[in-house]
Structures are given as structure tokens and as C-alpha cells.
Amino acid sequence: MKLALSLFLLSGSLAQYSNPGACSGDCWGHDPGFYQRVSDGRYYRFSTGGGIQIHASDNLEGPWEAVGEALPGGSVVDHAGSTNLWAPDIHYEASTNLYYMYYSVSTLGSRDSVIGVATSPNLQPNWTDHGALFRSQAGGNYNAIDANWASIGGSPILTFGSYWNGIHQLPLAGPLSLADGATPTQIAYNSSGNHAIEAGFVFYRRGWYYLTFSSGRAGSYDTNPPATGEEYRIVVCRSASGTGDFVDKSGRSCLTDNGGTTILASHGNVYGPGGQGVFEDRTRGWVLYYHYANPDIGLSTGQYQFGWNVLQWADGWPSV
């Protein structure tokens, strides 16, 4: 398998994707959340596993160090997955001077899932857990994991979803509660295969709301590798409203036509990039961050690497 993967990655290098930016120190990462602290610009990244693993550095390139867990011992949510939390998403509210972390509580292959929320004044370990914000049911059409907060048209919106009926949005009343009568609205879907689309992330730039998401299979690369090209890749769509009508660069709907323009896929020593987000760095501009597997290091989730690239822009579309 390793020889076949190496040949595939070599051929994929012709796609002209840039290699990840430099990373030193502890560069492990999985489904990273990311924030540059408001007070001093220090970088923090948060990863799937246990009570959410936290790494910190004064520089984006590192050296990165593990500093602890956001919720040691897990979440207060009553669920089988409460001690192995997934997919953290971080944002800051100036009105409360607090950082908010949305996290996922679930088990593989299940729609019995919960999005929880926790707060911190400084991004350091030992956050205050506020428990469940939203829950999906085992027989439902959507999966309450992979949450992302965004201000859309001045209102707080939670984007979430994985597989099944794809990516959805929910209006919030505030960072700790849903809006009255809130129901999920579907914004992106992949009708093919097992509907492998997840990790939606919305950001705003110059009149457009951009939706990035991960398409393809996320893991088991070491024990049950997917067919060539079916591993994770990062795609993008955009919308003027931010709450629907997302299309890709060719104009295909990302809800009804399986749209999505690939901005990063396997190449070189980068395999299965995904679990992504975007932030505006104080000096570099817009930066895409994600995890990936480096075959020279290993393909298991415990060997995933943190990756980042400065986004380039042409005609209102990002690339790396």
C-alpha cells in the first residue's frame, strides 16, 4: 500500500498545490480549531481527542508545545462519547471578553450526537463547560457534529453536519443558546456514495461568505485505505447571503449539484488534508489550517500533522 500511495502522491504533486508552511515542536493535530489570542497575538490550536488537546506557540511556525486539555476528564454531557471530544471550533466575543469553544460529542457512525459549548477568558486549559447546545437523534437526517460559529449578516449562525444530509445551519440567540424555534437549514450536500461531506467552516471576505468543507473519507488510512482520490480533500463554495445559494467556481450549486471547488488535495507528502478552518492572521492575511497525514511519518490519526498555507486570491476565489 505504501508504494501505491507514494506513486499516487507523486502524480498528485503535478496539481501545483503549495506545501504546508513550516512547523516545529509538537506538530500533531486532528480536526484543528485555531485562534490567535486577542491580548497578545499568541497562537492556540485545539484538536480532537480526550478533553480537546491544546497546543500553543508565539509563532505560527512554532515551536509548538502541548499545554493541556480544555476539558480534562471530558464533557458534562451524558453521552458515551463524552470523554473523547471532537472537532473544536473557537471564537471570541468582545461583549463578554470570553472565548467560546464548540465541540462534538459522538461515536463513529452515529447520529446520536451533541454539540457542546465551553468558555475561557484566555484560551488556556481548564475551560468552563456549559454542556449541550444542540442534539441530533439516531434516526434523523443530520448529524450534530463539526460545529462552526460565524457572524452572518450581523447574526450568529452555527454551521454543522457530517455525512447523511450534509451540512446545515442553525440561528443562535447568543453564544450559549439557540434562537427561539431554530430548526436546521441544509446548505450543502453530496448525493454520491455515502455522502462524504463534513467540517463546514464559514468566513467572510469582501462581499462574499465562503463555505469550506472536507469531502471524502477522513481516516483509517493505515488499516483500510480508501480508493485513490477518495480520501479527504478541502473544497470551497461561496454565497452572497451566507445562509444559502452556495456555488463553486464553475457555478454549480453546492446543495443540489454536488458543487465544490478543490483548493487542497493530496500531493507530495500531504495525504488526505481536511478538518480545516480559515483565520485572518495579523501579518500574513488569510490562512488555511488543517490536518493531514504524512506517509513518511505515518497514516494513523495519532500521527496526523498540523498544516497551514497562506491563501492566494484571484477573481474572488482562494487557492494555495
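Glycine residues also receive a Cβ, built from the backbone N, Cα and C atoms like all the rest.
Per Swiss-Prot, the features are as follows:
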SIGNAL    1-15  signal peptide
ACT_SITE  Asp31  active site, proton acceptor
CARBOHYD  Asn126  N-linked glycosylation site
CARBOHYD  Asn190  N-linked glycosylation site
ACT_SITE  Glu198  active site, proton donor
For the glycosylation sites Asn126, Asn190, work out the Cβ neighbour count at 10 Å and name the residue with the minimum.
Asn126
Could you round the CA separation between Glu198 (active site, proton donor) and Asn190 (N-linked glycosylation site) to a whole angstrom and send it over?
10
Give me the CA-CA distance between Asn190 (N-linked glycosylation site) and Asp31 (active site, proton acceptor), in Å, as a whole number.
20
One finds that other Cβ atoms within 10 Å of the Cβ of the residue listed as 'active site, proton donor' number exactly 27
So for the residue listed as 'active site, proton acceptor', how many other CB atoms are inside 10 Å of its CB?
28
I need the CA-to-CA distance for Asn126 (N-linked glycosylation site) versus Asp31 (active site, proton acceptor), whole Å please.
20
